[in-house]
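Chemist: Got these off TrEMBL a minute ago, pasting:
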{"type": "BINDING", "residues": "B:ARG98, B:LYS138, B:143-149, B:173-176, B:GLU181, B:HIS204, B:255-256", "note": "ATP binding site"}
{"type": "DOMAIN", "residues": "B:102-285", "note": "domain 'ATP-grasp'"}
There are 2 protein chains.
Amino acid sequence: MKIGVIGGGQLGRMLSLAGTPLGMNFAFLDPAPDACAQALGEHIRADYADQDHLRQLAEEVDLVTFEFESVPAETVAFLSQFVPVYPSAEALRIARDRWFEKSMFKDLGIPTPAFADIQSQADLDAAAASIGLPAVLKTRTLGYDGKGQKVLRAASDVAGAFAELGSVPCILEGFVPFTGEVSLVAVRARDGETRFYPLVHNTHDNGILRLSIASSGHPLQALAEDYVGRVLDKLDYVGVLAFEFFEVDGGLKANEIAPRVHNSGHWTIEGAECSQFENHLRAVAGLPLGSTAKVGESAMLNFIGEVPPVAEVLAIADCHLHHYGKAFKAGRKVGHATLRSADLPTLKARIAEVEALIGKC
Amino acid sequence: MKIGVIGGGQLGRMLSLAGTPLGMNFAFLDPAPDACAQALGEHIRADYADQDHLRQLAEEVDLVTFEFESVPAETVAFLSQFVPVYPSAEALRIARDRWFEKSMFKDLGIPTPAFADIQSQADLDAAAASIGLPAVLKTRTLGYDGKGQKVLRAASDVAGAFAELGSVPCILEGFVPFTGEVSLVAVRARDGETRFYPLVHNTHDNGILRLSIASSGHPLQALAEDYVGRVLDKLDYVGVLAFEFFEVDGGLKANEIAPRVHNSGHWTIEGAECSQFENHLRAVAGLPLGSTAKVGESAMLNFIGEVPPVAEVLAIADCHLHHYGKAFKAGRKVGHATLRSADLPTLKARIAEVEALIGKC
């Protein structure tokens, strides 16, 4: 079976590492000449709107999936004429737009911060007054890793903020005094079977995920599964989906979904029986899902900007390196380490060891 | 770091799957147009004696390693002029020739079945008389998976046997009434640090490995480590080496070594903290070795001739599929499954499930 992937970055790379042992081959459509997945599959170097190359991809593969959600709707619609596409165009339409996404949460009874659609500075002024400050202004589409957003703390931040984000459709979200950020990675098969990984505690730096720690017996696991299950069923979703929540007053408020394998699920490569990458491929290929159970205690640390010296990373016990083969650049995710330890105190000691290496970078 | 591999079969493929996350790239030199590792690296399609292409490989890579031990000595010598080669030419010279191999065991005080060098039918007649029957006649080089050997049970089997195996240099080995076959996979770093995986119980069918089960606290572990350590130090070995033993009267008799990652170590991908493939690459690249400790109870079953339907393999709990992407052909290793279970009774139940699928092939 040959799988087409829109995007050829590290997620595509890890999909191929998981799928090749299942007998799958991969083709990645990505305009970047140095797309790092190309070491592990065919690279169709083309723009995401290039219909000739989309057609070529569709003809070569058995199905198409995505590495990122900001794929133009036209690309998905075009491909869907020729080849099965998972997740569906509808799932991508919702997930790529914060307004559609938050509105869906509301319709499904999933708590979420107060939010308002912002099409102008006047909309923003009105919403800031009704929602109150602090609040976060975010572009409806194309935001990631803290990009395309601005925290509004005082009236002076509100003035001109719509233009600062490019005068594009935005959403204003009430600031949530959260005690923690967690995500739930789930997978849903073509037949509707759904499995959930354990909730993961996430720590961000400047909007970029830095550390994820997989939980055991988290008191909010069942609640999170209920919320995520509602979304998966609503979208008749196929594949892996990640759902980020704020922990607020012992409950959860929905932040956002990612209709794809997700950075907060990278720990599953070593830390779960079957990784998010393999489970995504099993789901889209119509194969039985794998176990989402944990193997030991597990955490993931991102390498941002550069990977510490490989020999030093590998010298840390319980440590598994994932080097993406990308050029080093400030703010860029270029690798991660998964730690898998027998118990939590050991895991925490190992996290400190990796953090010390990152600090030396 | 770019690694050159002589041979581009499933071992090369699994080396790349292990090394790519370490930031390594791969080039495989293999004459086969359909070498299955080419999905995961550059394929230099050339004969093993083709000096132009060997030179090209040497220029492209940082070091060279091997997927199989029957590499011509001239190939190794040629490459060694330009690029580091691990394991060394001397290790390959010994390991590829059963006479040198057995003589080394004897020199190092490692028990081995009685053996004799056979250069003619007259040598064979004399050796059969002194060693006794049954005995096994094997070509000194190029044998694998039970090929290039003949069991001699009666005098009538001895007559003409030398010609039957092609009138090439052979070795006659006394038949050992073994109670089991075990192997020890070890890894030795450039600085001499050595680590051992747990002993593995192996079951063969017609000379082809069928099932490997990793042991826990095997009473012969320390003895096996002693024997294997002698060989590793003698050869100043760098990389993974597998050592196959017969279990005889509660002790061990040396059968043979393989100077490479080995089929009886495939279970380590999921069943050990750091796989034999990653540890081989760590060793040859001069990186710190990884832990050889087991993760749960583990076994490996080979898929020979064909891979059962993927959906049925993946439906088995605790089961991890490794499809080599090779054309199916009787007697050919085309994939394997690793089982990793919490306890031995569960593992045995899972083995039976996979065996039932193989039986349906």
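Just so you know, glycine gets a Cβ as well, placed from its N, Cα and C.
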Chemist: Count the other Cβ atoms sitting within 10 Å of the Cβ of B:VAL176 (ATP binding site), across every protein chain shown.
Modeler: 19
Chemist: Counting across all protein chains present, how many other Cβ atoms fall within 10 Å of the Cβ of B:LYS147 (ATP binding site)?
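Modeler: Result for B:LYS147 (ATP binding site): 12 neighbouring Cβ atoms inside 10 Å.
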Chemist: Below 8 Å Cβ to Cβ and six or more residues apart, same chain only. Which residues does that give for B:ASN255 (ATP binding site)?
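Modeler: Looking at Cβ-Cβ distances below 8 Å from B:ASN255 (ATP binding site), excluding near sequence neighbours, one finds B:THR112, B:PRO113, B:GLU181, B:GLU244, B:PHE245, B:PHE246.
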Chemist: For B:ARG98 (ATP binding site), which of the three DSSP-derived states applies: helix, strand, or coil?
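Modeler: In three-state terms, B:ARG98 (ATP binding site) counts as helix.
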